[in-house]
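Annotated features, as they stand in TrEMBL:
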TRANSMEM  7-29  transmembrane segment
TRANSMEM  239-259  transmembrane segment
DOMAIN    239-396  domain 'SSD'
TRANSMEM  271-291  transmembrane segment
TRANSMEM  297-319  transmembrane segment
TRANSMEM  370-393  transmembrane segment
TRANSMEM  448-470  transmembrane segment
TRANSMEM  652-677  transmembrane segment
TRANSMEM  683-705  transmembrane segment
TRANSMEM  717-736  transmembrane segment
TRANSMEM  756-775  transmembrane segment
TRANSMEM  782-806  transmembrane segment
TRANSMEM  867-888  transmembrane segment
Amino acid sequence: FYILLNILNFHFIIIFRVAITIVLSTGAINFREVNNVREDFSAINAPSRYEYAVTQDFFKNFGSPFHLVVVFEAMDGGSLLRPGYLEKAIEIEEYLQTKLNISQEGQTYSYSDFCQPYCETSDVVNIFLNMYRAVEIRKKTKVKLTYPTMDLFGHRIYLANNIFKVDLYERSQLIKGCGIIAINFHAIISNDSQAEIINKWEHEVLKFASSTKNNNLIRVYATSEALVSEEIRKTGIQAIPLISISLIAVLIFTILTSLKCDPITSKPFEALLGVFCPLISMFASFGALFWLDYPFLPIVCVVPFLILAIGVDDVFIFLHCYHRSNRKLCVEERIANMLAEAGPSITITSLTNFLSFSISALTPTPAIKIFSIFISVAVVFDYIYQIFFYSAVLTLGGRREEKKLNAWILCSNIPIKREVFYGKKVRIWLSKTMRDFVHTWVNFSMSVAARIIISIILVIYWIISAYGLFQIKVGLSSEKLFMDDSEILPFVKIQSTIIFKEGGQVLVFVNKPGDLTEKEAVPKIMQLLNRFEKASGSVGPISTHMWLFSYLPYTGIQNKGSIEFKYKYLPEFLSFREYHRWNYFLSLGSTEDCLQEKPSCVQKFFFTTGFKGAVAWSDRLKLLIEWRAIASEYKHLNVTVYEPFSMYADQLLTIVPVTKSTVTFAFICMAIVLTIFTPCITTIITSTLSILSINLGVIGSLTYWNVDLDPISMATTLMSIGFSVDFIAHITFHYYKGEQPDKKERLRHAFNSIAWPMMQAGVSTILSLCVLAIIQAYMVKVFVKVVVLVVMLGLFHGLIVLPIVFGALPINKKNSLLSSSNSQKVFISSPFLCVHVIRVDMQIPLKMDLKVTGRRTNVQPDNHGDILISVNFIFYIVINVCVEFFYIRNSNV
């Protein structure tokens with residue numbers, strides 16, 4: 001870093017960085033938003049993802065399937081079949097079916113205009129409600145309103161997908177009442193125009209549902225996959241305006257805590273630009289990713305808050321190191337010393353943050369992957385901008401200071417006397433107070449009492465955290481993705497607690513039915529169906545929808561009693577209105593293939609059957625595993641099972657192993673980074689254990705804070721690993737770097753070097769994200785909770801635990817891999833009139849730590865024992881070392 005400073009042209013850097021930012025920011029023209037809850041939060045390798053693709057492929061000849069669910073619930077929680085409630089329910093049902101109109105290109109459309117061929121699926125509720133009301137008709141005809149199927153003139157209609165919280169008469173088992181009614185509106189989106197019509201219609205349904213808040217009788221809720229995605233988008237959009245509040249809060253805090261009593265040495269404008277630096281770098285990083293055609297997801301809206309927190313931390317370290325530099329040196333050398341001292345710390349934290357986010361980019365969940373890529377790239381850009389752009393800003397500030405210009409009024413000079421005496425007493429008092437506090441705390445840290453107290457606290461802390469860790473729940477539900485006041489959230493809660501418990505449908509796709517005219521073909525399929533009807537949680541045959549049940553009797557009539565399967569009757573069978581709905585259960589070849597009895601007539605088909613009792617995602621996963629096992633036994637039929645909510649259950653298969661592997665890998669990476677920058681076995685072990693302790697506390701505490709282990713919390717856990725290193729690495733690095741042989745002095749050196757910037761960084765990090773607590777959404781609150789926990793636990797471990805541990809352990813500089821009691825200083829003179837000082841270990845091959853003196857003619861070694869050497873003399877050193885065969889024979893080279 002010292003070398004780097006001497007080759008920089010700061011005016012050029014500022015102009016170049018601004019130009020680069022402008023150029024990269026134009027990538028916004030490629031901005032592409034993606035927002036699909038199924039695609040974004042379903043793991044790439046999850047079985048449900050393949051199953052959904054099979055479903056989409058099946059319907060591709062017809063279009064994209066559309067499904068909207070509308071739920072009725074009595075305001076008082078009672079039965080919807082009571083007088084008054086029943087009439088209102090019928091009124092609402094009829095309104096949604098035929099009277100809720102939308103306009104498109106001068107024409108009006110209702111659901112009945114685009115529902116084909118699924119109009120019958122939504123008619124079930126209409127039939128049930130009207131039959132329940134028509135008591136006299138039920139008495140005179142063969143209509144029995146039983147559950148889970150009702151008998152309508154000899155036809156069995158499955159009701160378990162439409163009515164819930166059912167109350168039956170004990171003797172007759174007829175339906176007495178029901179607390180929930182659900183209408184399933186299905187359609188096929190065949191073109192863009194129809195997609196727009198359906199989109200408008202479902203939004204009108206949602207508006208109508210919202211308007212029933214004030215209804216005295218019935219509350220209506222509605223949801224669809226598109227509406228769910230829009231609700232997730234709202235969460236991200238609400239976060240965007242809040243960045244201005246975070247920016248103002250951090251600006252005020254940064255400027256106030258960076259002020260000096262001396263109006264010359266104070267750096268208010270530099271602090272201001274330091275806060276804007278990470279945001280400027282973020283614009284450049286986002287633009288670069290947009291140029292590379294990366295999509296934007298709602299969860300990425302959290303990135304500006306995180307990068308603001310990360311970037312401002314570096315500003316505090318830079319300012320602190322600059323103020324600690326020797327004022328008698330020229331500006332360039334002060335900046336060089338600042339970079340030499342702050343550069344390693346900032347590099348450690350940036351590298352660990354980058355690694356933690358990069359590792360989370362390896363997770364199989366696309367939303368988390370995209371989020372991690374955006375934040376990882378932003379961290380890299382921020383690091384580059386801090387080193388090059390912000391150091392240039394501080395150089396200009398240093399030149400202002402050198403000219404004795406006012407920090408607040410840039411064009412005014414400060415008189416010399418005022419410069420000398422301005423705030424002198426305050427500065428002396430503050431300096432003395434800080435020295436006394438550090439002295440007192442270091443002395444306490446070295447005491448036996450401190451070791452006993454911290455041991456007790458840590459044991460209690462570890463027990464509580466470990467208990468929370470083992471109590472954590474696994475899984476992501478859709479309700480976690482919404483705002484707490486979302487219109488969809490009440491429906492999701494009804495769905496997860498009632499609908500999931502009482503009813504559900506699994507679709508079974510037979511992708512290679514083969515030749516159905518073969519003797520064993522149909523019986524094999526019926527055997528497959530029977531296996532699903534007898535599987536765990538299955539409702540049984542009464543819930544099954546299978547086209548063969550209608551077609552085989554029809555074939556028998558055509559074959560004059562023979563039920564031998566024939567393809568040739570299928571086109572005629574499907575043309576009848578009574579059987580028209582079976583068209584979308586079959587994927588047919590050409591009519592000619594059917595008439596010629598070719599197996600290609602039926603290319604694939606599916607059937608459905610009901611299940612119940614799967615409320616928890618773990619219960620649903622057990623069913624999925626059983627269904628998939630059954631399907632795998634019929635490989636010749638290429639069977640695929642699909643359940644609409646399997647994406648949430650499948651997360652239980654991947655979240656735990658992925659979290660374990662990524663967290664372990666992250667810890668290994670952090671340990672390697674610490675080893676590189678603080679190559680001392682004692683500091684490596686203590687730092688790694690401290691990081692482990694912090695993250696044990698973070699994950700364990702999340703349980704008490706009602707946070708589950710899901711893709712979102714998994715990403716924040718990896719983030720917390722990177723953030724926790726920030727607090728540990730700073731204090732460890734400065735403690736390790738200190739040359740003082742006495743542990744007390746080294747602790748004082750570490751506290752004086754980094755403690756105040758660490759406190760500033762911690763508070764500014766919380767300020768950057770605490771404003772997000774305004775957004776009442778799980779997805780956002782997880783980030784806030786994790787950051788607060790990491791900062792609090794990080795400061796606790798960095799400023800309290802580690803100093804006590806360092807004071808208790810026998811750590812000396814002789815433990816360092818780069819320092820040894822056997823080392824000697826070798827003085828080398830060069831033709832360039834510089835004195836170069838090298839620290840050499842006499843027992844091992846030559847190891848050198850390079851540092852440039854600049855352009856001074858007389859240079860003394862600094863207190864770290866680094867090599868002081870000019871850039872233009874490096875080659876000269878290499879040649880001499882090669883000649884001496886990498887061994888220095890005496891002190892006169």
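Backbone N, Cα and C define each Cβ position, glycine as well.
Keep in mind that TrEMBL annotations are predicted by a computer and have not been checked by a curator.
Using the rule of three or more Cβ pairs under 8 Å, pairs at least 6 apart in sequence, the transmembrane segment (717-736) is not in contact with the transmembrane segment (271-291). Within the chain carrying the transmembrane segment (683-705), a Cβ under 8 angstroms from the stretch's Cβ atoms is held by residues 458, 461-462, 464-469, 471-473, 663, 667, 670-671, 674-675, 713, 717, 720-721, 724-725, 727-729, 732, 735-736, 782, 785-786, 789-790, 793-794, 797-798, 801-802, 805-806, 809, 811, all 6 or more beyond its ends.
When Cβ-Cβ distances under 8 Å to the transmembrane segment (782-806) are tallied for each of 239-259, 271-291, 297-319, 370-393, 652-677, the top count falls to 297-319. In terms of C-beta pairs under 8 Å, the stretch of 239-259, 271-291, 297-319, 756-775 lying closest in packing to the transmembrane segment (370-393) is 271-291. Contact between the transmembrane segment (297-319) and the transmembrane segment (756-775) holds: at least three of their C-beta pairs are under 8 Å, each pair 6 or more apart in sequence. The stretch from 271-291, 448-470, 652-677, 756-775 with the most CB pairs below 8 A to the transmembrane segment (239-259) is 756-775.
For the domain 'SSD' (239-396), the model gives a mean pLDDT of 87. Outside the transmembrane segment (448-470), and at least 6 residues removed from its termini, the chain residues within Cβ reach (under 8 Å) are 693, 696-697, 699-704, 800-801, 804, 807-808. Tertiary neighbourhood of the transmembrane segment (652-677): same-chain residues 43, 45-47, 344, 347-348, 351-352, 355-356, 359-360, 362-364, 474-476, 617-618, 621, 683-684, 687-688, 691-692, 695, 709-711, 714, 717-718, 721-722, 725, 728-729, 732-733, selected by CB-CB distance under 8 Å and a gap of 6+ residues from either end.
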